[in-house]
Amino acid sequence: GKNEYDLLVIGGGSGGLACAKEAAQFGRKVAVLDYVEPSPQGTKWGLGGTCVNVGCIPKKLMHQAALLGSALKDAQHYGWNIAQPLHHTWSVMAQAVQNYVKSLNWGHRVQLQDKKVKYFNMKGSFCDPHTIRGLTKAGKETIITAENIVIATGGRPKYPTHIAGALEYGITSDDLFWLKESPGKTLTPFVFNVSLECAGFLTGIGLDTTVMMRSIPLRGFDQQIASLVTEHMESYGTKFLKRCFPTKVEKLESNRLQVTWKNTDLGTEETDSFDTVMWAVGRAPDTETLNLKTVGMKTNSETGKIIVDASEATSVPHIYAVGDITEGRPELTPTAIAAGKLLARRLFGQSSELMDYDNVPTTVFTPLEYGCVGLSEEAAVQCYGSNNIEVYHAYYKPLEFTVAERDASQCYMKMVCLREGEQRILGLHFIGPNAGEVIQGFALGIKCGATYPQLMKIIGIHPTCAEEITKLHITKRSGLDATVTGC
């Protein structure tokens, strides 16, 4: 028989909603199925996915709270009389952030209604390649059929279940943004960008915060910059336990959590107590309830992610996947949105345009922000060889830091270029204030194949931090001092 819907999207996050809304623009009959399984600590949220509820949005707002704290300290140097001591109230910030997130949840529901997209608040699983069994929280079942199905269920934080007490007593980023009371003295073991971002804003609002890292910080990012990020965080007040890994978490009578860890450098076992332990050990694809085996879908056995081709098609005809659930794609909201829209246009709008995953810009919102686009220095060396790349770099001091007497020793930028010919720019890395805003503009040029000589023809906007990129002239190869002096 005829399928009920032209398109059914499983997952109401950034990629899924973008795909559904775009498909509806072509007059197609579209449905979205979304369900949030509560975290092990019982946290749940509304429509919109990770970014809106437990990711980019609340994270950036709490990062902003911390930046305001730093600005208040700076303000005194600029003549403002600020009452001392400064005090931050978690519950006020959390309530404001949570209220804004709830307004976004509501906004997504209204948008789906306006575009005549049917919304099912249900858990979905495959019966066959065109049939989904939807299950409500109360256990009511609905069978939905569709010509095309898009999986966009994203991922959820992993727990290190091999560590005793990790699941019982720890939280993840799924819980942190929805806490009503301050997390207090916090430990975040393992170093993914979310752990550094959260540790950064927790330190910034005055909490005792410790990061435990077994190996390198910010895996997959430029390692020189990653080291500068953690150096700045240490000077900012975040504590780091390097080359350490936790072995157990126990609850004390005081309700505090006692964590035991191994120090691999010293070969010792150490303990300390914390109010909160927030795990950041990466994310796992949310596929458990989808019943993918029924339709014979190919996944990566190691990561659990769905294998897709350049057109986001899975191994099963008429079933597609976008966003964090897919193998080998950047786990970023804007790429999921773009991929979802382009997929809908190919399915229903006679388009053949594929998503281009090269030169995607991104930013890590640590206290001193790190923005980048293109290849890291390590990746460029691996691709082209160290003799075939040129790295231009500079240590600079933001003008805003001068009067406030702020340390700028980690404010740094580097541009990785091909050495021969036109010196095409392969990657740009910037650590400093407003890194996301800076990199977003330069990303256009790099996407369009900009070269070093072309960049040198750009007139900088004075006095800005971004201007320093237009003045990069010292190469790492030269060994000269890369510190910017004066105007």
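Positions of Cβ are set from backbone N, Cα and C atoms, glycine also.
Heads up, TrEMBL stuff is auto-annotated, nobody curated it.
Annotation comment: TrEMBL describes 5-340 as domain 'FAD/NAD(P)-binding'.
TrEMBL lists Cys51-Cys56 with the feature disulfide bond.
Cβ contacts within 10 Å of Lys60 (FAD binding site), excluding its own Cβ and spanning all protein chains shown: 15. Feature annotation from TrEMBL assigns FAD binding site to Lys60, Gly124, Asp324.
The NAD(+) binding site feature in TrEMBL is assigned to Gly282. Gly282 (NAD(+) binding site) is surrounded by 15 other CB atoms, counting those within 10 A of its CB over all protein chains shown.
Averaged across the domain 'Pyridine nucleotide-disulphide oxidoreductase dimerisation' (360-471), pLDDT for the predicted model comes to 97. Here TrEMBL flags 360-471 as domain 'Pyridine nucleotide-disulphide oxidoreductase dimerisation'.
For His462 (active site, proton acceptor), other Cβ atoms within 10 Å of its Cβ number 9. What TrEMBL lists as active site, proton acceptor is His462.
Fewest Cβ neighbours within 10 Å among the disulfide-bonded residues Cys51, Cys56: that distinction goes to Cys56. Spatially, by CA atoms, the recorded positions Cys51, Cys56, Lys60, Gly124, Gly282 include one closest to His462 (active site, proton acceptor), and that is Lys60. Here Gly124 (FAD binding site) is compared against the recorded positions Cys51, Cys56, Gly282, and the shortest C-alpha distance is to Cys51.
Separation of the C-alpha atoms of Asp324 (FAD binding site) and Gly282 (NAD(+) binding site): 12 Å, rounded to the nearest whole number. With respect to their backbone Cα atoms, Cys51 (disulfide bond) and Lys60 (FAD binding site) stand 10 Å from each other.
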